[in-house]
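What Swiss-Prot records for this protein:
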DOMAIN    8-205  domain 'Glutamine amidotransferase type-1'
ACT_SITE  85  active site, nucleophile
ACT_SITE  179  active site
ACT_SITE  181  active site
DOMAIN    206-398  domain 'GMPS ATP-PPase'
BINDING   233, 234, 235, 236, 237, 238, 239  ATP binding site
C-alpha cells in the first residue's frame with residue numbers, strides 16, 4: 001500500500017486569513033500537509049518529521065516586541081523553509097536581517113520584477129514581453145524587509161518594496177512578500193509546486209485513490225470486526241464517511257438517518273433510495289418530526305433554536321444507539337477545517353466558531369470509540385473521494401445546507417406549516433436555477449420564510465398570505481460574498497411559479513445584501 005504520509009509539509013500558522021489556502025494548494029499539488037500553530041515545540045516538529053516547512057502570513061507586526069516568532073528549530077531542522085508575507089519577515093529578522101514598517105502599504109495586485117532565477121522561481125514568468133521576467137501577484141502587507149540576513153540574496157522587487165522576495169539557496173530558505181496561495185497570484189500554484197516538489201523533493205502521492213485505500217485500511221485496523229454506528233444526514237461529509245466505512249466493514253456499519261422535519265423537499269426519501277437501495281447500506285430511518293417541532297415550540301431566537309435542534313438530535317440518536325447493543329464505535333464526518341477550528345485540536349489556538357448539529361455533545365455514558373476517516377481532509381478533497389466512491393456529482397456539488405436545516409431558514413418560531421411552504425418554494429427556486437443553467441454559477445442559493453403576511457390578489461379575490469425571500473450569493477471562500485445578479489426574467493419566472501403553485505405565499509422578494517455587512521444565512 002502507498003504511504004501517503006511519507007512526504008509531508010508542515011505549515012505554521014501566524015494568523016493569516018489565507019493560511020488554510022496554503023494547505024489546500026499543497027494538497028492540490030498532491031502532497032500531504034498539516035497546519036499547526038506558530039508556537040509549536042521543537043519536540044513536536046521532530047516527531048512530525050516534515051519534508052519542508054512553510055511559514056504563513058499573519059496580522060501582527062514583526063516590529064512589535066511580543067510578535068510571534070518561529071521556533072528556532074525550524075531553521076536548524078535541515079529542511080527547506082518558505083516564508084510567506086509575515087513568514088518571510090520573521091525569517092529575515094530571526095536570521096539577522098531587519099524589518100520596518102513601510103511608508104507605502106501594499107494591498108492588492110502588484111508586479112514583481114524577478115532579480116534572480118532561483119529554484120523557487122524556476123520557469124516562472126507572467127509577462128513575456130518585458131525585458132525582465134515579472135510575476136503578477138497579490139500583496140497584503142504593512143511591514144517590509146529592509147536588510148537581508150547573511151547568505152540571502154534579493155530575488156524580487158516592486159517599486160515600493162525593495163525586497164519582495166529573497167533566498168538562501170545553500171540552506172534552501174526562501175521568502176516572498178506576496179501570497180502565492182491565492183488565485184490572484186497568477187503563477188502561485190506553480191511557485192508552490194517548485195517549493196514542494198522541486199526543492200523539498202516530495203512525491204505526489206496524495207490522490208483520491210490512494211486516500212481511499214489508506215482510509216479503508218486504517219478503519220479496518222482501528223475497528224476490526226466491531227460494529228459501528230453513524231449518524232447519516234445525506235450531506236457530503238456523512239455520505240462519504242458512510243461509503244468509506246461500508247467499503248471497509250460492510251454490514252457491521254449501522255447508519256441512523258434522523259428525519260427531523262427540517263429537511264428539503266423529498267430529501268428523506270432520496271437519502272434512503274441512494275444509500276439503502278443503490279449502495280446497500282444498513283440504514284435506520286427515524287421519523288422524529290413531531291419530536292423536533294414539539295421541542296421548538298415557542299422558541300424564536302436563532303442560537304436557542306440551534307441548541308434545541310442539536311439537543312433533540314443527540315437524544316434521538318442516543319435512543320437508537322441503545323437498541324444496537326453490540327455497537328462499540330461512533331463514526332463522525334469530521335473534516336480537517338473542523339479540527340483546525342476546534343479548541344481541542346493540536347493547533348491549540350483556534351476557538352470553536354460553532355459546533356455542528358451532529359458532532360460533539362454526545363453523552364459520555366455511551367462509551368463509544370470514535371472513528372473519523374475524513375479528519376485529515378478538506379471539503380474539496382472529500383468531494384473528490386466521494387466521486388471516486390460512486391456518489392453522483394450533482395449530490396456532491398450541492399450548495400451548502402445548514403446543520404439545523406430549515407430551522408434557521410424559517411425566521412422566528414418554527415411551525416410545520418411554515419416548513420412545508422418553505423420546502424415547496426425552495427424546490428421551485430432551485431429547479432429554475434438548474435433549468436436556466438444558473439445553479440453552479442452561484443455559490444449558494446436558498447429561500448427564507450418570513451413570519452410576516454402581505455396582501456395579494458388572486459383572480460377576483462384578495463389574499464393575505466406569507467412572504468418568502470430568495471437568496472443567492474457568489475463567493476470564493478464564504479468569508480465575504482456578493483449577492484448574485486440573477487436575470488430579471490428568471491427572478492420573475494421563479495416568483496410567479498411560487499405565488500401560483502404554493503398556496504399560502506402571496507409575495508416573493510429578493511435579498512440584495514452582501515457579506516459584510518449581512519451574513520449569508522439570515523439566522
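Heads up, the Cβ atoms here are built off N, Cα and C, so glycines get one too.
Each of the binding-site residues 234, 235 was scored by the number of other CB atoms within 10 Å of its CB, and the largest score is that of 234. Summarised as a single figure, the pLDDT of the domain 'Glutamine amidotransferase type-1' (8-205) averages 92. The shortest Cα-Cα distance from residue 179 (active site) to any of the recorded positions (85, 234, 235) is found for 85.
A distance of 25 Å separates the Cα atom of residue 236 (ATP binding site) from that of residue 181 (active site). A straight line from the CA of the residue listed as 'active site, nucleophile' to the CA of residue 181 (active site) spans 11 Å.
In the structure as shown, the Cβ atom of residue 179 (active site) sits within 10 Å of 24 other Cβ atoms. Cα of residue 238 (ATP binding site) to Cα of residue 181 (active site): a span of 29 Å. Under DSSP, residue 179 (active site) is assigned to coil, being neither helix nor strand in the three-state scheme. Among the listed recorded positions, namely 181, 237, the Cβ with the most fellow Cβ atoms inside 10 Å is that of 181. Neighbour density at the Cβ, taken as the number of other Cβ atoms within 10 Å, is lowest among the binding-site residues 233, 238 for 238. Distance from the CA of residue 181 (active site) to the CA of residue 233 (ATP binding site) is 33 Å.
Separation of the C-alpha atoms of residue 237 (ATP binding site) and residue 181 (active site): 25 Å, rounded to the nearest whole number. Counted within 10 Å of its Cβ, the other Cβ atoms near residue 239 (ATP binding site) come to 24, all protein chains included. If you take the Cα of residue 239 (ATP binding site) and the Cα of residue 181 (active site), they are about 29 angstrom apart, rounded to a whole number.
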